[in-house]
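J.: My structure is below; once you've seen it, I'll send some questions.
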Amino acid sequence: MAEADNVSKPAAPLEMSMDKEPSFPLPASSMDGKKQPPLPLAVVVDVELSPPSPASSASMDRKEKPPAVLLVCLWALLNAVIFASGAIAELIMNRNPCTTSTWFSQCVELTAAAAAEASALWRGQLWCGAPQAVAAALALLLAARGRSRLAWALAFVALAATAASHYMEGRVDRIFLAAAPGGAYIAFDVAMGFVLALIDLIGFLCLLILGDGGGEE
């Protein structure tokens, strides 16, 4: 019986109460030791849109509109070629007696004094045509390089030479109109003379009002 008492009895099952905390420690995830991620901030920027400055507006207008110097120089070059060629042709044809009218010129008999005056005016157109073309070409080159004031001055000279050539052409038309009052060709030349004078006047006004474009010297 003593030996039976010494026999170990089976261990009783462990009882764990859910109300009590377990005896072994559990890892607890604590947020105290961790850094909080930065919250994104929305920044409101008040931007005021200012209107464009007058200088920038003027530069944009100059880019959109063709400058007056360019138009005047092209007009001067065109007239220099046309009227110089016409003057040379008239001087060559007037060496021989006029017999037949053509589409280019009308055969009109002039007195010796009138013919001499017309020849002098045609030579004057040739003398005006050379500086007129040179001044216009130089003005275009200087305007392309930014020398707008000097280009404006040369354009003014070229336009003045153009107006002088048109004045001489008007004098020639007056001589022929006096010799042949009923000629339709001469009447057309006289009307074209008024148109050319009006275009020259508009060119002078454009140069004086619009100026040199505000570029560098």
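Yeah, the Cβs are placed from backbone N, Cα and C, and that goes for glycine too.
For reference, TrEMBL lists these features for the protein:
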type: REGION; residues: 1-34; note: region 'Disordered'
type: TRANSMEM; residues: 68-89; note: transmembrane segment
type: TRANSMEM; residues: 124-143; note: transmembrane segment
type: TRANSMEM; residues: 150-168; note: transmembrane segment
type: TRANSMEM; residues: 188-210; note: transmembrane segment
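Each of these features: where is it, how hidden is it, and who are its neighbours?
T.: Below 8 angstroms of C-beta separation, residues 67, 69-70, 72-74, 76-77, 79-81, 83-84, 86-88, 150-152, 154-155, 157-158, 161-162, 164-165, 168-169, 213, 215 of the same chain, each at least six residues beyond the ends of the transmembrane segment (124-143), sit close to that stretch.
When Cβ-Cβ distances below 8 Å are used as the criterion, the transmembrane segment (150-168) is approached by residues 68-69, 72-73, 75-77, 79-80, 83, 121-122, 124-125, 128-129, 131-133, 135-136, 138-140, 142-143, 193, 196-197, 200, 203-204, 207, 211-213, 217 of the same chain, each at least six residues removed from its ends.
Here the transmembrane segment (188-210) has Cβ contacts under 8 Å with residues 67-69, 71-72, 75, 79, 152, 155-156, 159, 162-163, 166, 169-170, 173-174, 176-177 of the same chain, all six or more residues outside its ends.
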J.: With a Cβ cut-off under 8 Å, give me the same-chain residues at least six positions beyond the ends of the transmembrane segment (68-89) that come close to it.
T.: 104-105, 122-123, 125-126, 129-130, 132-133, 135-137, 139-140, 143, 148, 151-152, 155-156, 158-159, 161-162, 165-166, 169, 196, 199, 203, 206-207, 210-213
